[in-house]
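First up is the structure itself, then whatever we jot down about it.
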Amino acid sequence: MKQLCCSCLLWLGLLLAPFSQEQEEVTSPTKLCGRDLLVEVIKLCGQNDWSRFSMEEQSPMTELVPQYTRKVKTFNPHRSSSSWGRFTNPGVSQKKATHTWESQSLPNYQLKKEELLPKTGVHSYHGGKPYVKSVKFQKKNTDKMSTFSGLFWGNHPQRKRRGFADKCCAIGCSKEELAVACLPFVDF
């Protein structure tokens, strides 16, 4: 009886071993540099099974910019005439629609005139004092940006310069981190 129980546990362990290696493979960071990194990203982005990655929950783009969550429709001239509805009369055939383009009127955008510097005559060297305030304001804004960058990256100038590829080469990247490279190709 004891021998039967041990053999069952051994078989169970052998059956679960491939699954545990697969989970470990997903979470463990691997150092990838240059061509190896590119090949791994291509393999990952080319997979049809995205169920292992819950990108909708972890996607920084959908959290920061909510309009990325909507579907984007692309224009394909080989579709039925319903996709041509914006540019043509729906009663016209597709062949005729390609030769006669009846465009609808475009929306009128209200453009805001940009605040330009006041037009004056010749400025002397001392007459440029109003512009000193704008330069100080610009300097203050750039200081705020560098403060934000410092909070995000910390006080490490190397981290600020290090890109995604350098990080994967020096430290290593897991498959979840590599999946970020596929975001431009994912249809949300």
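The count begins at 1 with the first shown residue.
Placement of Cβ uses the backbone N, Cα and C atoms for every residue, glycine included.
What Swiss-Prot records for CYS33-CYS169 (among others) is disulfide bond. Cβ-based neighbour count (10 Å, all protein chains) for CYS169 (disulfide bond) stands at 17.
The disulfide bond annotation in Swiss-Prot covers CYS45-CYS182 (among others) and is backed by similarity to another entry. Secondary structure from DSSP puts CYS182 (disulfide bond) in a helix. Just so you know, the Cβ of CYS182 (disulfide bond) picks up 17 other Cβ atoms within 10 Å once every protein chain is counted.
Around CYS168 (disulfide bond), the same-chain residues six or more apart in sequence whose CB sits under 8 Å from its CB are LYS31, LEU32, CYS33, LEU37, GLU177, LEU178, listed in sequence order. Per Swiss-Prot, the feature disulfide bond maps to CYS168-CYS173 (among others); the stated evidence is similarity to another entry.
Positions annotated as signal peptide by Swiss-Prot: 1-22.
With respect to their backbone Cα atoms, CYS45 (disulfide bond) and CYS169 (disulfide bond) stand 19 Å from each other. Of all the Cβ atoms in the protein chains shown, 16 others lie within 10 Å of the Cβ of CYS45 (disulfide bond). Rounded to a whole number, the C-alpha distance linking CYS169 (disulfide bond) with CYS182 (disulfide bond) is 18 angstrom. The Cβ of CYS173 (disulfide bond) has 22 other Cβ atoms within 10 Å, all protein chains considered. Around CYS33 (disulfide bond), a 10 Å sphere centred on its CB holds 12 further CB atoms from the protein chains shown. For the pair CYS173 (disulfide bond) and CYS182 (disulfide bond), the C-alpha distance works out to 14 angstrom.
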